[in-house]
């Protein structure tokens, strides 16, 4: 304890300061001490409680597709006096008043670094590239809600409050008019709109809106900290402007110099990272001393960090820790200040409902007016207005600063928290009901390789997770023989997992051709993939490449893949296997989730699917077509999937550098006897056996017809070798395959979906990946000492009876079309369609 005595005249002021040097950490429960009486253990418990509750709420709200900010705000409200805090024991034990200083300090440190990262991720140059629509939409979406906030400020402001009416207007107007860019990006991704035109406009407008909001917030803080608008407020604004200029003119070149000193390909040094992280704190201190707010300094400092390796390193090192651990503390503090019970009386709840409705209406009205001027459909304008109502962190910062500066009282603060939660929560349900993209459904027949004639465009959708998938896919496509008669239209879909990070979203905003370095690893990978395919397009004729990006949670990624396949009317969808080859020749799992995606695609694809087991494919895309040489083997057992594999082999055979071996497996006496025995058993148990036998006979006849046509067409072709092997069981099948596996680069095999054959008996007993079928699993197995890539093909066989438009041509007609060159439609083009995905900018 220390005492400070000050005497002025006859009046004596005594300030008594109590502190305990031992109250930081406890000596332990065995000494009879309560850990919750000490600052550090209490803070650790509070932090753990906040993070755990937030994660539980994120999990609960996930099926409702709500952004994470809703869970974080609700977590704070639950811990506060509105729910758990109503228990006096809970409030005094877990969140006593003495702990608030430590809690708020750490929350503000987390906020400081989070806003720094927001600044690092934000690309102001986007504004110059947004086109003429985004800026007017952003301004219109701010002005009308701001005016509504002004009108409501007169209802909520009380004459007893210290703050002037003008400052109150500014805070309420900013809180209602702002759009949260990270929250909007998450909502757009959940609604599958992030790559559409309306999504691009919304993202650009939100980014512009955010920048205007920071300017308004600086004004609001300057006026709130100086209750009388006087010369001091002017000094605050001038000092803030001088700070921004100093950051741009002095700090940005210094950071650029640090980046230039880092050798290309190497990471930024630890010293440089520490220097920048210290700079965040210094900038926060300077702006706080000026009278603005520490977060303003951190944000501006983040803005001047140049995009590139440094920004990427900072984001990767800090984002998970800051946004996952420290930022929820800020929302918890906000919840502890929120007392929903203070919103009492029907009149107050009516005001709350009116604020929400009119704020929504203001955004929508302003946005619709601008969208009508640009001749956008009215439902798109309404959707855009609803999306621009996304609220999040910046609004919470505004009302928290307002509460701290006594601009907002308990009731006003609680009303604004409820407004932010409800306005953001109802966006996804309303937009889902209102916005139905006008996708003209054009039924198409060429959903398989077999039904695509060899004088028509061959459309392929290639899915890529990482650049490692690219070389073999490119060589496979080159071997597919693009010609003037039958060009190949390639759609390259880069699959990106949607996480809580806003950095993944920004890849849709950065322009590859601007010469700017990649902002993050995801974008760098995307650029690498696109550049490789564009290079392929330049060096190989009769190929068109359209790059796309799908940003989704892994659980629903197959929906995006199937939607693109449907929109682009592709015949074949190629997806990478979930395992990759190791240095010693084995196969290791890259990501178990990729397997689930592949299984979902196989079950839902609107076209044929090929799973590529990548063990390399010799050749180079830069060689002339006549210099490329591949040995391809097709293993044919029968059934639609095998016919599809043979169809693809037939297309490859047109390439002058491809040697094709077709090995057909026929059942021996023992296999035929086994089949008869099984048929007899099933006929005794299954009354519908006649249908089964009839379908089986039909499939056998289709196999015979297709193979006969194939042999007749390739009879005089020296590059095609046809072999028949009579086998009785799985062991003989494996032995036959091993006679040719080392002399080939690529195996084409059918998945054999739904077929049970004695020729593969025993092969499925130890199956690692049943989704590949018996033969595909054998060839992809880690035990297989092979260096041959495998393409496991599943043929699209329609979606059932009564929907003939969606099914491919009948098998007999497919056979006729695939081998007939005498007629054909001109190359098809998609015009006037509203696609879910658009090409990368």
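Cβ atoms here come from the backbone N, Cα and C positions, even for glycine.
Unlike curated entries, TrEMBL annotations are predicted automatically.
Residues or ranges marked as domain 'Cation/H+ exchanger transmembrane' in TrEMBL: 52-430.
As annotated by TrEMBL, domain 'Cation/H(+) antiporter central' applies to 490-625.
Note on the domain 'Cation/H(+) antiporter C-terminal' (631-798): its mean pLDDT in the predicted model is 79. The domain 'Cation/H(+) antiporter C-terminal' annotation in TrEMBL covers 631-798.
If you look up TrEMBL, you'll see 38-61 (among others) marked as transmembrane segment. Same-chain neighbours of the transmembrane segment (38-61): 23-26, 68, 70-72, 74-76, 78-79, 94-96, 99, 102-103, 106, 324-325, 328-329, 331-332, counting only residues six or more beyond its ends whose CB sits under 8 Å from a CB of the stretch.
The transmembrane segment annotation in TrEMBL covers 68-85 (among others).
Positions annotated as transmembrane segment by TrEMBL: 105-127 (among others).
Per TrEMBL, the feature transmembrane segment maps to 134-156 (among others).
Distant neighbours of the transmembrane segment (168-189): 67-69, 118, 122, 138, 141-143, 145-150, 152-153, 156-157, 161, 199, 202-203, 205-207, 209-210, 213, 216-217, 219-220, 223-224, 355, 359, 362, 387-395, 398-399, 401-402, 407-408, 412, 416, 419-420, 424, 427-428, 431, 498, 500, 502, 505-506, 551-552; these residues of the same chain sit at least 6 beyond its ends, with a Cβ under 8 Å from one of its Cβ atoms. For 168-189 (among others), the entry in TrEMBL reads transmembrane segment.
Residues or ranges marked as transmembrane segment by TrEMBL: 201-223 (among others).
Residues annotated as transmembrane segment in TrEMBL: 235-259 (among others).
Sequence annotations record features per position, and here TrEMBL assigns transmembrane segment to 271-290 (among others).
Among the features that TrEMBL reports, transmembrane segment is placed at 296-314 (among others).
Annotated transmembrane segment per TrEMBL: 321-337 (among others), in sequence order.
Within its own chain, the transmembrane segment (349-374) has Cβ neighbours under 8 Å at 132-133, 136-137, 140-145, 147-149, 152, 155-156, 176, 343, 380-382, 384-386, 388-389, 415, 418-419, 422-423, counting only residues six or more beyond its boundaries. Annotation comment: TrEMBL describes 349-374 (among others) as transmembrane segment.
Among residues of the same chain six or more beyond the transmembrane segment (413-435), those with a C-beta under 8 A of the stretch's C-beta atoms are 64-67, 69-70, 73-74, 77, 156, 172, 175-176, 180, 183, 187, 190-191, 193, 198, 334-335, 337-340, 342-343, 348, 351-352, 355-356, 359-360, 379-380, 382-383, 386-387, 389-392, 395-396, 399, 402-403. Residues annotated as transmembrane segment in TrEMBL: 413-435 (among others).
Note: the stretches the transmembrane segment (201-223) and the transmembrane segment (296-314) are in contact (3+ CB pairs below 8 A, sequence gap of 6 or more). Here the transmembrane segment (296-314) does not lie next to the transmembrane segment (134-156) in space: the count of CB pairs under 8 Å, restricted to residues six or more apart, is fewer than 3. Just going by CB pairs under 8 A, the stretch in 68-85, 134-156, 235-259, 271-290 that sits most against the transmembrane segment (321-337) is 68-85.
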